Amino acid sequence: MKALFRACRIGKVMLRYRLDTLLDGTAAERWLRLAKPFVPRISAEIVEQSRGRRLRLALQELGPIFVKFGQILSTRRDLVPQDIGDELVMLQDRVEPFEGQTARIIIETALGKSVESAFAHFDTVPLASASISQVHAATLHDRREVVVKVLRPDIEHQISDDIALLKSLATLVEHTHPNADKIRPREIVAEIETTLAAELDLQREGANASVLRRFWEASDDIYVPEVIWSHTAERVLTLERMYGIPSDDIALLDASGIDRKALSSKGIRVFYTQVFRDNFFHADAHSGNIWVDSDPARKSNPRFIALDFGIMGQLSQKDQYYLAENFMAIFHKDYRRIAELHVEAGWIPQHVRIEELEAAARSVCEPYFTRPLSQISLAEVLMKLFHVARRYQLTLQPQLILLQKTLLNIEGVGRQLDPELDIWVVARPVLERILRARYSPRHALKELNKRLPEIMTHAPDTPRLIHTWLVQQVESRKQNDVYLQQIRALAMTLQGLQRRVVNAIVGSGLLVAAAVLYGLHPDGLYLGTIPVWSLISGCVGALALFSAWWRS
């Protein structure tokens, strides 16, 4: 019953914001129209809004889980139209906080001790509140300032109920929408379910932060807060408290004397290093999660502060290599290579003609190269390439789509800090240096050295394994020879059977013909009372039947 009321509310909100137009021609749209008389008249202001804005407003009204749904949907540019994706990026994940006393109970249950024994001070008024969790300031007994992230009470059940409802809606859309094969609604919901499941485990988020901190511990480009593991559990995450300026607060950055030009270049370098050196990148890098260190001593050498580690990205080694090669091919305007890489990577089927892909890549990239370099977006070029490649049955892993969205965010932050930022000039040497290091003989030797214990462990078994493999090959060949002989014998048997069947059919036919000729008494030669042709036909037919019987 609860699910029914929730579904009715969703339908009501969809009609209020004219989202039935997104379901044109489907059974779902017809059902929604039946409910129109029970929905207040749609205001002219809403009607005039774009479909993307109407969807964004509807998701905000439906509540925090649907806001999160919209945010995740905005990262899947391969599944949603560009105008809708651009609007969903603006969704704000801000909701009313829950009671501080409730937060204390959750913390005590998760950590197995009282708040007083865990913290010298705990502020029950949250610093920030979002759909999944909220953050409180606290001080440890050793006087270190920390922030405590606490999951919302009963959030797992709320998400489970809404996901179940979304799955039902996705199934309905898949069976009724004419473009369901392009929208792939069930794939979208599955992606949302996976992402939300990861965000519900704060211990996992702590592990992400810890790994990222280890990669950048000695860096002047970005700082990752320390995880306080003694105060962290599945529903509670405690981190070192950071003070900084949001990267989109340009006025405050200027007032603090921060070198924005140096900062913007660092952002691009950090991203490419995370992707191609560490293979572990912050995949939710919008301005709210990327701050700038406000330490006055860092005005001329500023650094970023990373926050919120719920969504991290990793690529397979194969995708990592082909993506890097794609970037280099774009830098060199080598459209043939771009086309070849898409096929070699398995993103596009082998049967697609390289020449067609090359022409498509040229049509995408050339218009961008007529602009000044400072106005070229590598993320936009990549997104357009993938969009065009969808015509050729493009298949991409979700992590690649996540990277594309992150690159778009990073470039946006960089251009906000420095509108004249030349991403190509900054990114190219970083990428070339990382690729040279990654595929150098030294790196190969390092990888070999890393795997040496494993190699040495299995080395004594190698001769036996080789001998076993050779024996299997010989046995397999013998077995194949036996099978071949059996097949040949069977083929000969079938050929003989075929000949006997033919002889039997011919013999029967000739005997029938002999009988008919005998009965008709045709003109011509006779041997006694028997027509010669009847006699010949009968003899040949009898011989053919005897041949078929004798061979059997």
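The backbone N, Cα and C atoms fix where each Cβ goes, glycine too.
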Among K149, K167, which is the one Swiss-Prot gives for the ATP site where L127, A128, S129, A130, S131, I132, S133, Q134, V135 also bind? K149
Measuring Cα to Cα, how many angstrom lie between S133 (ATP binding site) and D284 (active site, proton acceptor)? 16
Whole-number Å only: compute the distance from the Cα of V135 (ATP binding site) to the Cα of D284 (active site, proton acceptor). 18
Using CB atoms and a 10 A radius, I'd like the single residue among the binding-site residues S129, S131, S133 with the highest neighbour count. S133
Listed ATP-binding residues L127, A128, S129, A130, S131, I132, S133, Q134, V135, K149 - what's their greatest C-alpha to C-alpha distance in Å? 14
Taking the domain 'Protein kinase' (121-504) alone, what is its mean pLDDT? 85
Of these binding-site residues, L127, V135, which scores lowest on Cβ atoms within 10 Å? L127
Measuring Cα to Cα, how many angstrom lie between S129 (ATP binding site) and D284 (active site, proton acceptor)? 17
